[in-house]
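Below you'll find the structure, written out as structure tokens, and then a few comments.
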């Protein structure tokens, strides 16, 4: 009886030991990630698990636990870093726990229900809690990785993409005068070239920003920059105006995704104390793009000797060389971007724990090697990942034909982008989105509107000065003459020309009014801004001229002949003073941004984003009133430089605030929407301010000042993100 009792006691103790060991191992594996997040920065060793286990283990006298005898049989890559006593090496990656762990076990009373039994509201609540925990942990991880070689390498790669965006904004304005003559652009269609690029950038910003939240920052940026580079390069070779417009539209569509994706990408590898300053330094590349475009235009476009032709049908002039050179920053960014990893913050957001861990370890090791500390170990081995909520259904391979599957896939992705965009107006970011919309619209409307108004005013002042130098010839008579020189800036009124020959003459800004031409010959004549108003031509021969019908206004022809008229569009024989002046003014205006960039970068984390945003916009609005005193070209250029220098701080702080206010799952989408709104406001500002150039100064000044001050006051009401972790 006593032996039977001892056997039962020994059996019960053995069963209890086995159950206790199974329970402890399960609890230890489930809670290991939480313990690591709490202890990794205290450098505590995880051998404490074994020590605690040993204190609680019970083995009957004379018996020992032999469950470790076959441990090697269950080893795998996921368990590397464990010794025979199951001690975890510091910094060794343990792999992400299975999402199905514990799901298939028996559900006891009081056990939490599985995801399949929860409604969407519960799942979203759990996801928000996971995201908050991840945000705090990710900030600690980025701080451990440090700021060094990796961030600087990514800084220059993304800077090239941002530089390409700056070039795209300037390139159309620089090539427009030459492209108008080379592509036979009518006056009614010249405005389309500037607007079509902004239209493409507006659509592209929204699309690529949304795609970056779906497929990743790197992939979206690679695709959009490739689209921009390809069509920008192609536009330099097309001959027709329609094809040129299409190429610039698609080029703008591609580059539209650069700004929202670049800032989202770079912000996600920066620690909180570095974010404001280094995002501001990144903004400097946009200015560098403007300087690059201005300098290249100044150096290339006026040099017609760089041109070549292949027959009369294909003309490759210097402005096309300029377009190719402007595509180089985009090509460079695409090549360099292929060597950079995806944003680890995005990967964690979509549940790709292992890939994110490897990239974070790469960042840590790269920075530590650059510091001369290669022995320093990356101590993180578990990172919180938000609960994934399936929204879209994967398309099966047998769903109709290939093009139907492609169409359904595109439609599904677009619908997903739209859903993400609508979530930008949900709690808790709805109020911030509305305020940011107002600030982005007002700043863009005022900045781009006045940016167009300044050059037009300078051009208007130049025209007034040019008109004062006009030579007026009235009621005179010339007979039996021959002219073979250039005639410029003249008005001939009530003149009579009898038996005259115009041989190889270049007419530049010449107008003939109420004049009579008898038995005259125009041979090999070219003209720019030259018109015949209410003139009479009798027995006159026009041979090899570029006189189009629109140059004869209310004129009469009697027994006249037009032979071998020049075909195609003739390159203007301007002395290039105006071209040099335009490039020089843009160069100075862009260079004036440099001090503002430096100041904003140094003070962004000291005085705060909101103070800089509101203060810069209010000061820019006040500076508009100095335009009352701009009565000369030099004074207007000075005002332009002052205005650009003040507004750049507002742009930099607005970029930083926008990135920090949106969570990771909709950061690029929200930024893309606001950037698209920015382009729409720019087009509206160009139209309104451009129509007021020759009317009055009062309306543009008051309109720009009011808009900027109101936007600055709204910007001061945004939340301060200086001490906030990136959600």
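Sequential numbering from 1, following the chain as shown.
The backbone N, Cα and C atoms fix where each Cβ goes, glycine too.
As the structure is a computational prediction, the values presented were derived from the model and not from experiment.
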Worksheet item: In Swiss-Prot, is residue 516 on the same membrane side as residue 176?
Response: yes
Worksheet item: If you check Swiss-Prot, which stretch out of 155-175, 344-364, 365-385 is marked transmembrane segment?
Response: 155-175
Worksheet entry | Cβ neighbours of residue 466 (phosphotyrosine) where a neighbour is any other Cβ within 10 Å | 12
